[in-house]
Amino acid sequence: WIMGHMVNEIYQIDEFVDLGANSIETDITFDDDAMAEYSYHGVPCGCMRWCHKWEYVNDFLEGLRRATTPGDSKYRKQLILVVFDLKTGDLSSSTAYKGGKLFAEKLLRYYWNGGSNGGRAYIIISIPDIDHYAFISGFRDALKKSGHEDLLAKVGYDFSGNDDLNSIRSALHKAGVKDREHVWQSDGITNCLLRSLDRVNEAVKNRDSSNGYISKMYYWTIEKYATVRDALNAEVDGIMTNYPDVIVNVLNEDSFKNRFRMATFDDNPWELFKR
C-alpha cells in the first residue's frame, strides 16, 4: 500500500492517485464538542509541504465518497484504503467516546451514504494517544446501534504514537478489538528527521509471530530512495509518503519487482500476509 500523506483538500485525492498512491491519509480535527470539523493538519506538518490545506469534514467525506464509488464520474479505481489521522489531542479520555460516536455517524452519512452505495474504500481509524482508546469503542458502538455493524468489516485500527507495542495491544483490548482484528501498526516520524527501523522490526516480528496482535505494518513518512529500500527490506506492508512516485520507482527496481506488488481492492487489508 502506497499511502499518500496529508491529503486534506479534495483536489489532492487525484493528485496523489496520479502519482501512484493506492491509499491516502487525511487529518481530522475536532471542535470543542468532540465533533469532527476540518480535514486539516496545521503546523508543523513536515518538510517541503504546505500545512494549511483544509476542507470541512462533511465536504471532504463527500468528495472521498465520489472518488471511491464505482460509476461516479470522479471514481478512482486505484484508491482502496483511507487512513484518518485523528487529531484527538483536544479530546479527553472522557470525550473520546463521544468523538468516536459522532465520527462514525458522520462517516455513515457522508461517506457510506447511509449504508446504500457509499464509498468502497477500506478505512483505518488512526489515533495518536493510547489513552483515547474509547474513541474506537464509541465508533464501533455507534455503527452497531445504527444497524450498520456490517460496515465494521471495512474498518481497521491503528495507534500512531510510537508507544510500546504491549501498551498498544492492551489499549486495543480495552476498546474491544481482538488480536489481529483489522489491526494496522504504524511506526514513523516526520520526513524532516531520521528514525531507526528498530521498532519497525519489532512490529514485523510481532505481525509474523503465532501470538501477535498486528495484521499489517506501515512506516511513515519517507521519500528518500535508500530509506524506502530499507523499509521494504524490513518487510513492511505499507509506506506513507509525500512522493508516491518514489515508492513506485523503487518497487520497479530489480531487487523488488518480483518480491512486492501494489495492493488492489481484491487484497484484504486485514489479512495477515505470509511469504
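Using the three backbone atoms N, Cα and C, a Cβ is placed for every residue, glycine included.
Take the Mg(2+) site that Swiss-Prot assigns to GLU25, ASP27: the candidate from ASP85, ASP90, ASP129, ASP131 listed for it is ASP85. When Swiss-Prot is consulted, the disulfide partner of CYS192, picked from CYS47, CYS51, turns out to be CYS47. Within 10 Å of the C-beta atom of HIS5 (active site) sit 29 other C-beta atoms, taking all shown protein chains into account. In sequence order, MET3, GLY4, HIS5, MET6, VAL7, VAL82, VAL83, PHE84, ASP85, SER126, TRP220, MET240 constitute the residues six or more apart from GLU25 (Mg(2+) binding site) in its chain with CB-CB distances below 8 Å. Taking all protein chains in view, 15 other C-beta atoms sit within 10 angstroms of the C-beta of CYS51 (disulfide bond).
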